Amino acid sequence: MLSSIKPSSSSFSTAISGSVRRSIPTKLKFSPLLIIKNCHNQSFNANVVSHQKPLHISSASNFKREVKVEAYEADRSRPLDINIELPDEQSAQKLKIGIYFATWWALNVVFNIYNKKVLNAFPYPWLTSTLSLACGSLMMLVSWATRIADAPKTDLEFWKTLFPVAVAHTIGHVAATVSMSKVAVSFTHIIKSGEPAFSVLVSRFFMGETFPLPVYLSLLPIIGGCALAAITELNFNITGFMGAMISNLAFVFRNIFSKKGMKGKSVSGMNYYACLSMMSLVILTPFSIAVEGPQMWAAGWQNAVSQVGPNFVWWVVAQSVFYHLYNQVSYMSLDQISPLTFSIGNTMKRISVIVASIIIFHTPIQPVNALGAAIAIFGTFLYSQAKQ
């Protein structure tokens with residue numbers, strides 16, 4: 001049944017009786033009438049249209065409400081940021097990350113091998129640590145001078161913020177080198193796999209952070225595995241053990257200081273690590289001279305050269321160069337991947353170092369010791385998953 005339409009103030013009407021007389025507006029823009037079939041027959045059944053109610057048709061031009069539709073050209077001065085990666089770009093990114101990881105692990109394994117060779121012949125970890133930082137600093141200065149890499153733009157505020165990070169990095173670096181000079185490389189890295197436990201404890205009691213229950217539960221295999229590996233280590237040394245533990249604690253504080261102080265800074269990646277190495281070198285040099293001194297270095301150097309031969313010099317150069325390269329690649333990788341992926345990669349790196357050092361140095365290891373190492377590393381993997 002068709003109902004009447006209320007007209008506007010200037011509308012017109014047509015009465016319907018028996019037959020329909022229609023007055024079509026001169027300019028019809030819109031009609032609310034339903035489409036009726038058989039338009040050729042202009043008569044309507046009386047049962048369809050009410051006899052009493054007239055049908056009013058009004059021109060759309062008389063309606064008070066109008067809709068204005070306009071089109072605007074997009075502002076080309078501000079392009080849309082649509083982050084859509086094509087399949088080729090995704091494949092290239094995955095390949096790039098894979099190359100970073102493979103290079104990172106390979107460089108780290110080579111560094112640990114040469115570092116242990118140097119420390120076996122030249123047991124002076126303070127000088128060895130200093131040479132590693134000095135070599136990296138020199139390499140980056142040459143890269144900046146020759147424009148192989150763009151020099152970072154820094155100011156005094158940047159170096160002030162970097163100072164506590166450099167102090168923690170220096171302590172962690174020296175402590176790890178002291179540990180490797182006293183115990184096997186594999187044992188040092190097994191203990192260093194317990195770094196997540198230090199991270200949670202420091203963040204909880206010093207920074208006031210809280211973590212979900214799975215994070216705390218993941219610490220149990222880490223702590224238990226490290227303890228099992230320590231008590232079953234055949235060549236256990238308290239200095240080597242404490243050096244690895246101090247290194248864990250120092251690197252945790254380094255990460256905290258870096259996260260809080262360096263957030264939003266323009267320097268990142270390899271330039272950030274280069275600046276960190278230079279400041280750490282300035283901090284470490286006077287302490288190295290005070291703890292060991294040139295006289296001990298000269299006597300130890302002559303003894304190492306007489307035992308090893310000229311290859312000893314190349315060992316020192318190799319361990320210094322590869323130390324900087326593997327750290328540089330790790331910082332470059334962190335710019336390309338998520339913290340979770342980096343943490344998993346770091347766990348796999350530690351496994352490769354432990355296995356390679358056992359094979360190359362023929363490190364004696366008991367089954368229960370290997371079980372402790374496996375439990376600790378597996379706990380590190382669980383921690384990286386639970387942290388997310």
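Cβ coordinates come from backbone N, Cα and C, glycine included.
What Swiss-Prot lists as transit peptide is 1-68, and the listing cites sequence analysis.
Swiss-Prot lists 95-115 (among others) with the feature transmembrane segment. Note on the transmembrane segment (95-115): residues 128, 177, 180, 185, 189, 315, 318-319, 322-323, 325-326, 329-330, 332-333, 336-337, 341, 345, 348-349, 352-353, 356-357, 360 of its chain, located 6 or more positions outside it, place their CB under 8 angstroms from a CB of the stretch.
Swiss-Prot lists 113-231 with the feature domain 'EamA'. Model confidence over the domain 'EamA' (113-231) stands at 93, taken as the mean pLDDT rounded to a whole number.
Here Swiss-Prot flags 122-142 (among others) as transmembrane segment, drawing on sequence analysis. Through the fold, the transmembrane segment (122-142) approaches residues 115, 148-149, 173-174, 177-178, 180-181, 270-271, 273-274, 277-278, 280-281, 284-285, 287-288, 291-292, 296-297, 300-301, 303-304, 312, 316-317, 319-321, 323-324, 327-328 of its own chain, all at least 6 residues removed from its boundaries and within a Cβ separation under 8 Å.
Note on the transmembrane segment (158-178): residues 115, 119, 125-126, 128-129, 132-133, 188, 192, 239-240, 243-244, 246-248, 250-251, 253-254, 257-258, 261-262, 265, 267, 275-276, 279-280, 283-284 of its chain, located 6 or more positions outside it, place their CB under 8 angstroms from a CB of the stretch. Residues or ranges marked as transmembrane segment by Swiss-Prot: 158-178 (among others).
The transmembrane segment annotation in Swiss-Prot covers 211-231 (among others).
Positions annotated as transmembrane segment by Swiss-Prot, on the basis of sequence analysis: 233-253 (among others). Only residues 6 or more beyond the boundaries of the transmembrane segment (233-253), in the same chain, are considered here, and those with a CB under 8 A from a CB of the stretch are 164, 168-169, 171-173, 175-184, 187-188, 191-192, 194-195, 198-199, 202, 364-366, 369.
According to Swiss-Prot, the transmembrane segment annotation covers 281-301 (among others).
Taken from Swiss-Prot, the feature transmembrane segment applies to 305-325 (among others). If one looks beyond the transmembrane segment (305-325) by at least 6 residues along the same chain, the residues whose Cβ comes under 8 Å of a Cβ in the stretch are 107, 110-111, 114-115, 117-118, 121-122, 128, 131-132, 134-136, 139-140, 277.
For 358-378 (among others), the entry in Swiss-Prot reads transmembrane segment.
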